[in-house]
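Worksheet for the structure shown next.
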């Protein structure tokens, strides 16, 4: 068995160990009211087992990382697959650090799934080892990418704790206007997470079924009078096309549930063929997210926030507030060093300018400014607790946009990261 | 600046200390100065230890008002948020600066439609150079300086002049507080706890039955160190705009040639440019035959300094080698602040020189060969009995609207030479002859037809290249980005100071414990600027050492001030 095969095997092992750890953490918290048990003892015992499982998962994950590094000859953070697998590992590292400090079993119920989701997202991208292009051959690939990911992972744990704070403190039975607003916002946040799960579900379901439809588009550009130039662009859909690329023709179409052609065409301002495909993916994610959300709602018969709220009963909200703040305070210097300072050093060495207002650079700065504002606001009275928790949630949204959204929507110099 | 005397004298604390206006907590004993505060049980406002800041003077003048504006953390947060939003706007469409050559006034309309046009008209296509964005950055700079100065000096004073014995209210209204009974004599009890505190790294001072333990005060300076670093960073960035500190040019270096770097006395020679691609075996199976991935771009470069005859065009400049480096994408050549980065390349061969022979087209006799350099040809050549005078040189031959021959660019894309040939059997004034060294140009511009026109039907001389060994090509051209940036060291120093401040401020916490033992009652108050959780745990373990068991949570006074 080659190193790379071993690497992908332990990666899968890590995935299942994390999933198991998540379930064990959930049992540790949910099972404390089971009959015939002392709640504290139950939580402590199952929590310990869960933490052992998640730590074993992390060890497997590290083994994946090291063997892939050895097998490929370069640090495996060079494309979107490798970066996302690394980010999920760092989320577990950040979780382990914060867990070691605060020993809150409940943190596992919220932080471990983030890592699992990021891991699953990694699997959306091509997994082959690619040789490094000249611009990535640098020691700063090792430093910049890893430190940035570690800093962002602490923000992820801050997000988990912030969300827990909200689920703990929002009054889900109140009919007051301000409480209703909070309830709706929490529900929307949970829904967004479910849409991401829906996206992953539909990607893997259609991939498993081997779905493909192909569209072609002929672009005619007129260079100079009388001289036309036509190029043919092809795009392959891996999900049934609800929406076709703008001005395109069907080359092959695999029917799905009796649908024989796309339901409509992308608007003209989505001019790339891939824009249509991405739009189609968004529609599928929303659809499957809605279905999944609907099923969950039918199962619990109340808003999800209200359903989760009792899980957090008895957890000290001040501790959650402090964990949120502490995770961000630990992550902030690491993020600054990795995502800004080493990014500038590398940009200076590779491109001759330390800062060029490239979209990725700007969004790293936006993330940094956002968390700076957060840290300054913590000084002010009235910004601890609720508002601060919302900022931690919003901040992680900015982090994810910087990592994923910029590549999907804006591209720029970091485009070698590749996206789907 | 005028010092404002306090108009109201209620700033005198009952302990006898006279506090400046704006003081929240007495500088000496820590008792709240505002009478309304006395009956409250809320946590005290411990920011900057409740001392007066410069921005809290009464009756401010103009300068004071500006100072007060920038000294507000609220304003600083607004500035941060505005900058953040502005920066976001700049990423909606690509900035003008990302294109080398566009007409922005039409580009955005054509590429992105109406939205693009609005974007351009709002000036967002150059967000980061716009007056409002630069103003925001300058205002953040001002806020950094003034916010820091306004707080760091009073805070420094307050922390260096701390009194050990504090007012009871000061202790019980900390976020962390403990009131309990002790049986021992005050001095004895206090003496017992000194050792466990010291063991945890606290510096301890006692005064009878009162004690002050403190550690990691330096962490309080962290934010100010960060701000100093940011100011140095911002100033360095501004300084890059000053003339003479900055140079940025993109230059072409054909392989084998030495090219002068404009505005310097330096010359750079591209000895060899290499581009390598990954072989099929090095690629993952899925990519074979589909993708081509570059492996290496490398320019073997030598940097020379001109030592003599630098400005005299008639003489060859005298060059001394000063640096040599194989420039790759992540490895620029560096010499005394000048850096040359691998930027681009072009594998189109560039004609450097040819050695045509003058032949007689009717007899086939070859009179002689000479070397014709494309860039710097000699003025006249000798081939057998014939003399060739170079009349005109066109690097990139073309015809103007009036049908006159012109050079369209200074690059040797389609070189052409007009000779005046003199010698036997030619008219006394000589015969004109057009020569295109490249075969493709000969055909496209119809060399023989032109020459037939110039020389008439009796023309018998031709310039011809015998073999490929008579042609000298430069195989490729490398494009280097040559830069000088004298402000960079300051940028890095600023960044380094920022990091130092971040580490000081975030990974250590300033912890203080005050306690008094009086009449069998222990009153303890604790304050830290971060990580209350760890602080509580530490106090519990210290009290444990002297056999006092306290529940962690019972120390928490609520309020949630972190």
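Every residue number used here counts from 1 along the chain in the order it is shown.
Backbone N, Cα and C define each Cβ position, glycine as well.
Summarising the annotation, TrEMBL assigns transmembrane segment to A:6-29 (among others).
According to TrEMBL, the transmembrane segment annotation covers A:49-71 (among others). Sequence-distant contacts of the transmembrane segment (A:49-71) (same chain, at least 6 residues past either end, Cβ-Cβ under 8 Å): 2-4, 6-8, 10-11, 13-18, 20-22, 24-25, 27-28, 82, 85-86, 88-89, 92-93, 95-96, 99, 105, 108, 112, 129.
The domain 'Cytochrome c assembly protein' annotation in TrEMBL covers A:78-200 (among others).
Under the heading transmembrane segment, TrEMBL lists A:83-102 (among others).
Long-range contacts of the transmembrane segment (A:107-125) within the same chain, counting only residues at least 6 positions beyond its ends with a Cβ under 8 Å from a Cβ of the stretch, are 14-15, 18-19, 21-22, 25-26, 28-29, 47, 50-51, 54, 79-85, 87-89, 91-92, 94-95, 98-99, 156-157, 159-161, 163-164, 193, 196-197, 200, 203-204, 311, 323, 404, 418-420. The annotation transmembrane segment is assigned in TrEMBL to A:107-125 (among others).
Residues or ranges marked as transmembrane segment in TrEMBL: A:145-167 (among others).
Per TrEMBL, transmembrane segment is recorded for A:188-206 (among others).
Long-range contacts of the transmembrane segment (A:282-300) within its own chain (CB-CB distance under 8 A, at least 6 residues past either end) are made by residues 191, 194-199, 201-202, 239-240, 242-243, 307. Annotation comment: TrEMBL describes A:282-300 (among others) as transmembrane segment.
The domain 'Cytochrome c assembly protein' annotation in TrEMBL covers A:318-414 (among others). Looking just at the domain 'Cytochrome c assembly protein' (A:318-414), the mean pLDDT is 89.
Beyond its flanks by at least six residues, the transmembrane segment (A:327-349) meets 94, 97-98, 138, 140-141, 143-155, 157-158, 161, 355-356, 361, 364-365, 367-368, 371, 374-375, 392, 395 of its own chain at Cβ-Cβ distances under 8 Å. The annotation transmembrane segment is assigned in TrEMBL to A:327-349 (among others).
If you look up TrEMBL, you'll see A:361-377 (among others) marked as transmembrane segment. The list of residues near the transmembrane segment (A:361-377) in space but at least 6 beyond its ends in sequence, with Cβ under 8 angstroms from a Cβ of it, reads 148, 155, 328-329, 332, 335-336, 339-340, 343, 347, 355, 383, 387-388, 391-392, 394-395, 398-399, 401-402, 406.
Residues or ranges marked as transmembrane segment in TrEMBL: A:389-413 (among others).
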Positions whose Cβ lies under 8 angstroms from the transmembrane segment (A:6-29), at least six residues beyond its ends:
42-43, 45-47, 49-51, 53-54, 56-58, 60-61, 63-64, 67-68, 71, 85, 92, 105-106, 108-109, 112-113, 115-116, 119-120, 127, 311
Tally the residues of the domain 'Cytochrome c assembly protein' (A:318-414) by DSSP class, grouping H, G and I as helix, E and B as strand, and everything else as coil.
80 helix, 0 strand, 17 coil
